[in-house]
Amino acid sequence: MKLIHDVQEMQQTVLGLKRQGKRIAFVPTMGFLHEGHASLMREGRTRGDVLVLSIFVNPTQFGINEDLASYPRNLEGDCALAESCGVDLVFAPTAAGMYPPGFQTTVALGPLTKPLCGASRPGHFDGVAVVVTKLFGIVQPDCALFGKKDFQQLAIIRQMTLDLNLPVEIIGMPIVREPDGLAMSSRNSYLSVEQRQQALCLHRAILKVRELFKGGETSVDRLLGEARMIITAVPEASVDYLELRDSTTLEPVATAAADSLFALAVKIGSTRLIDNTVLGDTP
C-alpha cells in the first residue's frame, strides 16, 4: 500500500493505472476510520483492480461554529485499517494542495440541498460538491462508494454525477451499526460514556417509527410525534430535525409509504448525530 500526499503525484499515478486498463474503485473519507468505512473498503476491493482511499478533512464543508479544528484525526491508525482491508493507494492531501491560492470555483447545487442537513448547515453541501468533484478529477475512479448514513449527501452526489455526466458509478452502502444499534460515526468519539448511552435514542426512534409503520400507521404527524417523544425524554438530547421525506426527491410526504425516508439529526450535548431509515427497507 502506498501513501500519497501530493495532488499531481496522485493524478499521475492513477492516469498510469488507467492507461494499463485498470478499473479503479474509490472510497472518499475524512479519516478517523471505523467499521462503517471498513465495509466500504471491503466492498470496493471486490469492485476494482485498484482500490483508492482518500483521507481529507475538507475545510470547505464545515461552518464557522462547527468542529473543523477538533475533528478527530489518526492517519497512522487509518492507514493500518486501510491496508488490512486491501487498499492499494491512500491519498491524504493537504488543504493547501486541494485549495491553492487563487482557488475560486464552486459547484451550484439544486433543491436536494435545501432540506434536512442543508437547512441547518448552510454551505455544507456546496463544500462537499466541490471536494468530491475535485477528488473524482484527481482519482479518476470507475466507481465510488458512499455510506447511506449520509443519505442526503449520497442523493446529492448521485444527482451531481448524473447532471455533470461524470463517468463514475455511485454505490450506496448500508449503515453499519454498533451491536446496540448506534450508527457508527467518527463523531461518536466526542461522546462521554453517559452521552453514548443517551445517543441510543436515535435508534430507538427509528425502531419505533418502523414498528408503527409496519403496524399500519401512515400519519406523518403521529409517526414524528412518537419519535420526538423518545428524543425529548433524553436529558442532553435536542432535536435539530425529525422528518419524513420522499427517499428520491427529498420532498415532504403527505402520508408515510414504503419509500419514505425517516431522517433525524439530534444533538447529544454539543455532538450532532444523524441517522435515517427508508421505511420499507430491510433494517
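Yeah, the Cβs are placed from backbone N, Cα and C, and that goes for glycine too.
In Swiss-Prot this protein carries:
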- HIS37: active site, proton donor (ACT_SITE)
- 30-37, 147-150, VAL176, 184-187: ATP binding site (BINDING)
- GLN61: beta-alanine binding site (BINDING)
- GLN61, GLN153: (R)-pantoate binding site (BINDING)
Just the number: how many Å between the Cα atoms of GLN61 (beta-alanine binding site) and LYS148 (ATP binding site)?
18
Rounded inter-Cα distance in Å - SER186 (ATP binding site), HIS37 (active site, proton donor):
10
Which ones in the same chain are close to HIS37 (active site, proton donor), with CB under 8 Å and 6+ residues apart in sequence?
VAL27, THR29, LEU81, GLY147
10 Å Cβ neighbour count around LEU33 (ATP binding site)?
25
To the nearest Å, how far is the Cα of VAL176 (ATP binding site) from the Cα of GLN153 ((R)-pantoate binding site)?
17
Note down the number of other Cβ atoms within 10 Å of the Cβ of GLY36 (ATP binding site), including every protein chain shown.
21
MET30 (ATP binding site) to GLN153 ((R)-pantoate binding site): how many Å between their Cα atoms?
14
Taking the Cβ of VAL176 (ATP binding site) as the centre, count every other Cβ atom within 10 Å, in any protein chain shown.
18
Three-state secondary structure, which DSSP defines for LYS148 (ATP binding site):
helix
DSSP three-state assignment for GLY36 (ATP binding site):
helix
Within 10 Å of the Cβ of the residue listed as 'beta-alanine binding site', how many other Cβ atoms are there?
21
Cα-Cα distance linking LEU33 (ATP binding site) and GLN153 ((R)-pantoate binding site), given in Å to the nearest integer:
18
